[in-house]
Amino acid sequence: MYLSKLSLKNFRNYSQLDIQLNPGLTILTGENAQGKTNLLEAIFLLSLAKSHRTNHDMDMIQWGSDYAIIQGKVKKNSYEIPLEIQLSKKGKIAKFNYQDQAKLSQFIGKLNVVLFAPEDMQLIKGSPSLRRQFIDAELGQAQPLYLQSLLQYHRLLKQRNTYLKQLREKQAKDLIYLDIISDQLIEHAEIIINYRLDFIEHIGKIANKIHHNLSLNRDELTLFYRASSSKLDYQSKETIKKQFSDIFFENRQRDIDFGITHYGPHRDDLLFFINDTVAQNFASQGQQRTIILSLKLAELEWMYRLNQDYPVLLLDDVLSELDDQRQLVLMQTIENKVQTILTTASIDQIHLENLSNSQLLKIADGQIINEGD
């Protein structure tokens, strides 16, 4: 799978853009604030139907315009499949093979991507919500059933929290209705947790092998999915549903008093261990970079094992964060098998000696100049 063509209209600082992309490495170079990251954002949007930089679609529409159009063509085997996202004040329209998709969930994952950006360095020591977003982004585009349950879970969670507030304010008093919502929420919580546990188990093994090599066989990396309560034991998968029924019942009054649902996958976390020590507490900048690089390369391999096809790798100005050894491992991993679109302010930061089939594009003020192949 690779993105063979990208077209933008009124997207960020691009009034009009049409480029052909090759299946190997594409390097986007240029000064800061010229549109390099905007281009990666557009590709990310074609995968997950949302931006990784903003929650407001209108932010992506060029100033003075009423709409934006992002189009791409995905080459898979001998087929070329068109994708399209339209943004306007009326909302978002997603098209697959020229057909409007009734739900965004039907569009997500037609193009698989792995994004490695500077903000990923916050994944280790940042808030748990960042780590949940990481899990959801990967599973959401690769596992349609996971995405469906995740969307249903958040819909029911919002519904439950609203009803909890009504109970607190004495605007409602039917506890049976609360139990009905809770039971529906638990059904989807169980599905989400099982998918996440399976994902963490598989990607953890791959990431540890990569991390072991990057650390010159010194360090072991372990990923652990932590429940939102010490009373929840996810290792006993067959009892997850009952555990949630019990903890919801035990904390019913507390949930009502605060008007929120205290426990569930919306509050779980992902922990990283280096040699059995929690990385969040002690990892140096260098160790964090090694963990993140291991994780991103593991994502590529996990998606390949799942789909027998590599995703598109988006590297947003991250090579400056990696030393020569880590750069070499990254470049050797992607060569000749992963379509990679990479941004950098300086081409001198990249070691290209062993890379073939590369495409160099220079960006200036929302315009692309092909520097050569």
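Here the Cβ of each residue, glycine as well, is placed from N, Cα and C on the backbone.
According to TrEMBL, the features are:
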type    : residues                                               : note
BINDING : GLY30, GLU31, ASN32, ALA33, GLN34, GLY35, LYS36, THR37 : ATP binding site
DOMAIN  : 5-199                                                  : domain 'Rad50/SbcC-type AAA'
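Features recorded in TrEMBL, as mapped to the structure shown.
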residue : record           : CB count, 10 Å
GLY30   : ATP binding site : 20
GLU31   : ATP binding site : 12
ASN32   : ATP binding site : 8
ALA33   : ATP binding site : 10
GLN34   : ATP binding site : 21
GLY35   : ATP binding site : 24
LYS36   : ATP binding site : 24
THR37   : ATP binding site : 21
8 Å Cβ shell about GLY30, GLU31, ASN32, ALA33, GLN34, GLY35, LYS36, THR37 centroid, ATP site members excluded: ASN38, THR343, ALA345, ILE363
Mean per-residue pLDDT computed across the domain 'Rad50/SbcC-type AAA' (5-199): 96
